[in-house]
Structure formats: C-alpha cells, structure tokens
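As structure tokens, the structure follows; a few thoughts come after it.
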Amino acid sequence: MEAPPEHCPGVESEQAGRVSACAGCPNQSICSDPNKKLEDPGKALVAAALKDVKHKLLILSGKGGVGKSTVTTLLTRYLARSCPDNNFGVLDIDICGPSQPRLLGAVGENVHQSGSGWSPVGIDDNVCLMSIGFLLGSVDDAIIWRGPKKNGMIRQFLSEVDWGNLDLLLLDTPPGTSDEHLSVVSYLKNDEIPNSVRAIIVTTPQEVALLDVRKEINFCKKQGIPIVGVVENMSSFRCGHCGNSSEIFPAKTGGAAAMCTEMEVPLLGSLPLDPLIAKACDSGEDITAMKNPTTEALAAICTRIMDSFN
C-alpha cells in the first residue's frame, strides 16, 4: 500500500475507501473491500516494543475537567514511592492538551533519540514519561491535527519509544471516546501483547459528569476492556486551615457509588478537592509522602489497583 492521503479516515474505519478524501487514492479499492483490507503493520511494531511492559492501564474520563490527568499523576507518584522495586511509565496521549510534563515537573525537558528509539524522560529512579509536550517548540504551541495524524503519533509513542522493562504503563487520555481512544485500543488489544490493557475511569459526583462516565463504561464494555474501577475525584472540599470537609459538587443522584452499583463496576474510592494537590500540580511537586486524608484515600485506591493485577 502507498502512503495514505492527508485526511485518510484510517484503514480500520467503517468509512475507509468510501469518503471524499479517498477519491484518487491508489489504496481506495483495497480499503473499500473488506476481503482485501490489510492488518495495520503498526500492531506488530507495538507488540514488539511493549513485550517487556507487564501491565497497561488507561486512565479515562467521559467528561473533561474531572481531574483525570491529576489522578494519573497521583497514582504514578504513590505507586512509584510505595513500590520502589517496580518500574512505571506514563504515556500522555492527550495530543491536543498534554498536561503530564507540568504535573510531573518535567516542563522544558527534551526527548533524546538513541539506537533503540526515543528515550522517555526520567522523572524519578523508577518513573519515566513520554508526551508530545516534549516535542513542541513552546508550551503555548497549538496542535491542530485530524484523526489520522493523531493515530500516527500514538503509534509512534507505542512502537518507537524505548520503554524498557516496566511493571506498569499508565496512559493519560483525553476526555470522551475520540480518535485517540480508538487508536490506542486498536494497538493494545492485541493477542501478541500479554496482559492486555485495562481501564480506570475518573469522575466527579455530579450527574453532568456521571452521564458521560456511563458512556465511557459502555465504550470499555463494547471494546472488551476490563474496568479496574471508578475513582470519584473532588468528592468533597477539604479546608487547608481547619481540615473540615464540605460538598462542592452535590451528589444529587447518589454520586459515583450509586452509578457503580447501577453499571456493575467497582468503586475504587474517592479523593477530596485538596488545595495542597492543586498547588503540587502547578509546581510538579510530589506530595504523596505526606500524611493527610487525601494520601490515605489515595493509598487505599492504589492498593485496590495493585490487587486487581495480582
């Protein structure tokens, strides 16, 4: 097959070979005929690159702004601290809004090329990170890409980054069920990759967030992705002065607990809206060693996650 046109819908799309962008493409007859479609060669490359990565965990959210990237960072920090003999990687596939370089304190770092591929940026002795944020000329640069180009970038991150031996790779995704999700699932749901991908879904207590979380759960079920559980973020506000908690987002329909019962998925736990966490996210500081209600709740969530892998 020759190189696809710029706005190619992708060889696995139901519209492959049928949309206007396909007109004149030398591969149109192949893509439009289901009997002639070829397996994406990227799948074999991804399987080879991830052969030493034991577990893959998608961090998902149906709604934007629920703190999915923050939860990804907190999970990574706590797991790395509590399991110093294990190695963890973070892959930021929120192509248009990469947050992990800021959250993990790696803004301004550069990705280096070696004989075995891109070297992810080291965060701690047992944590590394890859993000498109490291490839931009400025943190303010906008990424204006259509689906096929995002798909190509994700394939590169999965197949051309030298992840080495990892016990867990956490993938921070954009909200919704968009091109990025379909791409990463198509590459990770592969019989050649052991211990295939699982998912954690992040929400807040109010119904406007839970509506989209239900869609995300159904997406996982349709794609055959096991759901480790749901994390309810910003479940309450913890005052930094008196330590008392109050509801910011009222759970008028029962919050994540009721939704998990309804959808038959586990509730991993709840995290409060803590000013210390907000400050740490802006500075890239690790505060998981502190003793407070937030880190205690985080510890319980991480224990349930690790138990699910065992």
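Quick reminder: no glycine exception, Cβ is built from N, Cα and C everywhere.
Here CYS8 ([4Fe-4S] cluster 1 binding site) comes close to ALA21, CYS22, CYS25, PRO148: these same-chain residues lie at least six apart in sequence, with C-beta atoms under 8 angstroms from its C-beta. The [4Fe-4S] cluster 1 binding site annotation in Swiss-Prot covers CYS8, CYS22, CYS25, CYS31 and is backed by sequence analysis.
Counting every protein chain shown, 10 other Cβ atoms lie within 10 Å of the Cβ of GLY65 (ATP binding site). Taken residue by residue with DSSP, GLY65 (ATP binding site) is part of neither helix nor strand, so it is coil. Positions annotated as ATP binding site by Swiss-Prot, on the basis of sequence analysis: GLY62, LYS63, GLY64, GLY65, VAL66, GLY67, LYS68, SER69.
Annotation for CYS242 ([4Fe-4S] cluster 2 binding site): no same-chain Cβ neighbours under 8 Å separated by at least 6 residues are found. Secondary structure at CYS242 ([4Fe-4S] cluster 2 binding site), as computed by DSSP, is coil. Summarising the annotation, Swiss-Prot assigns [4Fe-4S] cluster 2 binding site to CYS239, CYS242.
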Environment of GLY62, LYS63, GLY64, GLY65, VAL66, GLY67, LYS68, SER69, the listed ATP site - residues of the same chain whose CB lies within 8 A of the CB centroid: SER61, PRO175, VAL202, THR203, THR204, ALA209, ASN233
Cα-to-Cα gap, CYS239 ([4Fe-4S] cluster 2 binding site) vs LYS68 (ATP binding site), nearest whole Å: 22
Nonlocal residues around GLY64 (ATP binding site), in sequence order (Cβ under 8 Å, 6 or more apart): PRO174, PRO175, GLY176
